[in-house]
Amino acid sequence: DSLARARGIGVMSLALRLRDYASVAVDVVHALAPVSLALALLIVALVSALARVCHARATLARAGVGAVPWRPKMLWTVYQKSARSLLARVEGRFAKTTRGDGDGRRAFGAVVGTCPFVHIGEAKLARDVLRGTTTKAPLYHAFEAFSGTGIFTAEGGDWERKRAEVLRAFAVVGLASLRDRAVDESKRIVDELKSALKLVTNDGMEVLMLPALQRLALRVTFGYLTGKSLDEACDEIGQDRIACEAEYLAAATTLRHLIPARARSIWIFSDLLYGLTPVGRLEARNIRATRSLSSLALRVAKDDSPLGILRRGEAHLRERSVDVDGDKFPKGLLDEATTLLFAGHDTQSATLSWGLLRLIDHVNIQNDLRASLKDGLVVEALGLRANIKPPKKKSSGAATTPAWATSAFAPMLESVIRETLRLHPVAPLVVRMLTSNVKSDGMKISRGCAVGVWLSSVHRDPAVWDDAETFKPKRWLDASLHMRSASVESASDEGNGSNNNSPGGKEDHKRGAERGLKRKGVGYMPFAHGPRSCVGQHLAQVTMRVALAHLIEAFEFSASVTTDAATPSVGFTVTPATGAPMTLRNAP
């Protein structure tokens, strides 16, 4: 009996243990179920991503472009280095794609995430891609925190309505007020530099021209958009103009590097995680600083100014209101003001900086340009202070285009600006998402591909440009087009007829040729090309003509003795990394 009881107790104990083990097993299964599900979903996602990557590589192969590895970086590494060698690396890639006979396509591919991405450095292919494409690539998502849904990032019908309103506002206001504002602010910056120059010896004064040109361009842009000077606007609200100007330019300079750097980093995939990083918080602080000036512009803008006209439009008033420094504005309107202020000052100051640096390296061209500014028509058109009596105005019943609004009144000045824009286009890269197949000379890029047009490389395409790396303003003064093939010349004539970079089409170019300027050609697109080319390009050209003429008339520029000024820094635009240091003296 005792043995039987012992055996019974043993069996019961074993049963209890087995029950406990079973309970533990059930608990483990329940605990691991979410992990197993997550693991299964992860495996499915990885397989799906791998399939999309393989499909993307196959798409690039069908287009006939070789793929290079995409290596996303941590943002702070990209931001700190400023990608100063980026343009050289890209141009080196394009050089490798062409064969020894020069007939290879200047294009290469990469798979960015799971998206096939084609990099383009060829003029004809770039024009074919940009001509009918209006959809921007997902990389522009990195810009939305800053520019919101302004014309820079808006898509579809929203973009069409906003672009139409902006163009209408510019057309109603015209360019005369811009020219006058540019003359006043150019004289002001010249006076500031001359006052500083009086305090130094006759050996000249070392100066960083980029910050000075940023102040000039910001004042002109703000004044044109609002109808009031920045001084008047700051006085209305009791702010110090110098502090307001300095705060905006410091924030804008940081954002100029930071936002494009994010677009090339792993943080492009998550706004939430990016906002938690130190650089994400830095971006947010600087966006708030830039939007303070945007809200000021909207608050003080006259009714007949571009921003005043936009305030009465419909396309920019459909979104919710946002509060900035106690003022409420429709978000779409604030986004547009932010976009126009930033784009206006950044592009013009960058181009003028590079123009001066190029003229420093070519003293004879600088002297020839200064001599050409003594022409009476040029003096009158640009408001110069040369001791030359301007020609008498001839009355006519027909309305005439002011000389300063055309490209032909000062051929030497125009050729220097064009050549500067050729070597240093406004933006380094233009990215689009193809919504239809694009065919160009036997090459087919499929719908769904992202394409990046490197404008600086397009402007160095050896199939289009002779001595592509050389600063040669005279190429724009020659009778020939400097095009190597009849097919390219034919495409140039066809393209210029509807080219957004050519306000008057073929007839305008003919008039320009009569004044000593040649056609711009198929390979020239410093403000991009197609429906989404820069809306403010004609405004920028007027400002740059006036500002460069005033600076060259007033000063003689020479190289800095301490710093290499030509190193590029790549951001929204490409600027001299060291601030364009140079030595200036009073012009002879």
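Backbone N, Cα and C atoms are what each Cβ position is placed from, and that goes for glycine too.
DSSP assigns C534 (heme binding site) to coil in the three-state reduction, outside any helix or strand. Using a 10 Å radius centred on the Cβ of C534 (heme binding site) and all shown protein chains, the other Cβ atoms total 21. If you look up TrEMBL, you'll see C534 marked as heme binding site.
Among the features that TrEMBL reports, compositional bias 'Low complexity' is placed at 493-504.
Annotation comment: TrEMBL describes 505-514 as compositional bias 'Basic and acidic residues'.
As annotated by TrEMBL, region 'Disordered' applies to 487-514.
Feature annotation from TrEMBL assigns transmembrane segment to 21-47. Long-range neighbours of the transmembrane segment (21-47) within the same chain, counting only residues 6 or more positions beyond its ends whose Cβ lies under 8 Å from a Cβ of the stretch, are absent.
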